[in-house]
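Per TrEMBL, transmembrane segment is recorded for 62-80, 92-110, 116-139, 151-172, 184-202, 223-244, 250-273, 285-308, 333-355, 367-388, 400-419. Residues or ranges marked as region 'Disordered' by TrEMBL: 427-453.
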Amino acid sequence: MPFKIFPLVQEEPGPPPDGGVQAWLQILASHLINALSWGYSASFGVYQLHYTTTLSLPESQVAWIGSLQVFLTFFLGTFAGRAADAGYAQHAAVAGCLLIVLGTFMTSLATEYWQIFLAQGLCTGLGMGACYVPSMAVVGSYWNKRKAFAIGLAASGSGTGSILFSLVIQHLQATIGFPSAVRVQGYIALAFAVVVILVFRPRLPPRKAGPLVEWKAFTEPTYVLFTIGVVLIFTAVYFCFFFINTYATLRVGLSAVEAANLLVIISAIGIPVRPILGFLADRYFGSLLTLIVSTIFLAIMLFVWIAVRSVSSLYVYSVFYGVATGAVQGSQYMSLLFTFTFGLSYLFVSGLASLTSDLSKLGVRFGMVDSLIAFASLAGPPLAGALIQSDNGGFLKAQIWAGVVTMCASLFICAAKWTEVKFDGSRSKAGEGETTPNNLEAVQVEDDGHAKA
């Protein structure tokens with residue numbers, strides 16, 4: 001049988017195989033796509049440091065590049081998910097990977113801000129937005145009983161990517177120069193893309209997607225409060241990712257290579273944290289309560305950052321911040337048109353699911369939140385950079401801002417939990433009646449095996 005990049009999907013796929021070579025290959029492909037998308041954007045701190053110190057660009061101006069990547073990943077994810085519904089999951093994933101490769105190589109040639117913005121911000125951001133959601137959707141369609149485990153393995157690619165790309169850029173640029181180091185990253189991305197093209201195969205036939213917006217949701221206090229809380233979280237959560245390298249070199253005295261290790265620590269710590277806290281939320285505390293506690297802990301760590309002044313304390317802080325951001329930022333690992341769960345993405349997904357009485361509307365509600373998160377992620381890092389500039393390079397204003405915003409987020413999620421208890425007694429106990437990975441399957445998979453938004 002001749003090899004086809006875009007083979008026809010069988011009309012009657014049957015139930016998820018829950019194993020087999022093809023199912024495991026989809027985990028591999030999605031793992032690599034997560035490395036190329038969220039892993040790449042999580043390593044932006046090393047670029048932030050280079051652009052501000054070597055090119056002497058303003059902090060807030062550089063932050064627009066990384067925030068545009070995150071914005072496009074979130075915002076386009078909704079539309080890419082609908083493309084996957086229509087049978088174009090493989091097309092979107094392949095196109096996205098190739099755009100990331102192209103944007104990376106063009107970044108290595110860029111010397112002006114506008115060139116960097118178009119190559120690294122726009123081109124790679126478009127690629128991330130195109131490939132992320134379809135990859136997670138396809139993985140979920142191959143698994144049923146071990147779906148959360150499969151999604152977890154796939155989503156952990158973000159940690160792989162952030163560790164790998166941070167080390168490649170920061171350690172190689174000292175010996176071969178920044179442009180060549182970026183090209184090495186481009187070749188790595190190309191290798192990942194080739195594997196994706198060879199093994200990524202959707203299982204489900206096309207289906208009709210639902211509406212983009214359900215306006216009635218905005219009349220429900222619990223949904224509105226929860227949405228505001230999550231938007232506030234994502235306004236501040238990327239602040240440390242983008243600026244901790246700059247802080248380490250300018251305020252603590254680390255070298256650029258040593259500062260890159262901080263991002264590696266934060267990313268590595270977050271990998272085991274997400275599934276552990278997801279398990280605790282599922283078995284003991286409930287998703288909303290665990291998300292509230294995680295958000296408060298993140299706010300506390302942002303305030304603690306103010307007191308970090310030495311090398312040893314900065315490394316210790318990175319460990320604890322990795323725990324905090326691994327819990328809350330894990331919510332990005334959700335597929336918004338297909339309801340999947342992983343680690344603390346479980347808290348976000350099941351938390352919103354627990355506030356949605358009609359689970360058939362779950363997909364569109366995730367899409368609505370996702371679009372709002374996109375704008376929060378776009379505005380947050382540049383705002384933090386502007387605060388740093390206004391403080392003559394000091395971080396105090398930005399640190400206080402991030403801590404206050406995150407603490408306010410926890411209050412809104414607390415209010416969402418309170419209104420849930422008040423207006424729906426059947427789900428008043430923490431975790432009781434909340435949607436879990438097991439009973440979410442009723443929403444995810446119809447009788448004919450189709451994923452359902």
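Cβ atoms are placed via backbone N, Cα and C, with glycine included.
What TrEMBL says about a protein is an automatic prediction, not a curated fact.
Given the structure is predicted, the values throughout are model-derived calculations rather than measurements.
Contact counts against the transmembrane segment (116-139), taken as Cβ pairs under 8 Å, peak for 62-80 among the stretches 62-80, 151-172, 250-273, 285-308, 400-419. Contact between the transmembrane segment (92-110) and the transmembrane segment (250-273) is absent: fewer than three CB pairs lie under 8 Å, with pairs separated by 6 or more positions in sequence. Sequence-remote contacts of a segment are chain residues at least 6 beyond its ends whose Cβ falls under 8 Å from one of its Cβ atoms, and for the transmembrane segment (400-419) they are 221-223, 225-226, 228-233, 235-237, 239-240, 288-289, 291-292, 295-296, 298-300, 302-303, 306, 351, 355, 383-384, 387.
When Cβ distances are compared across the two stretches, the transmembrane segment (250-273) makes no contact with the transmembrane segment (62-80), since fewer than 3 pairs at least 6 residues apart fall below 8 angstroms. Only pairs six or more apart in sequence are counted, and the transmembrane segment (62-80) with the transmembrane segment (285-308) gives fewer than three Cβ pairs under 8 Å, not enough to call it a contact.
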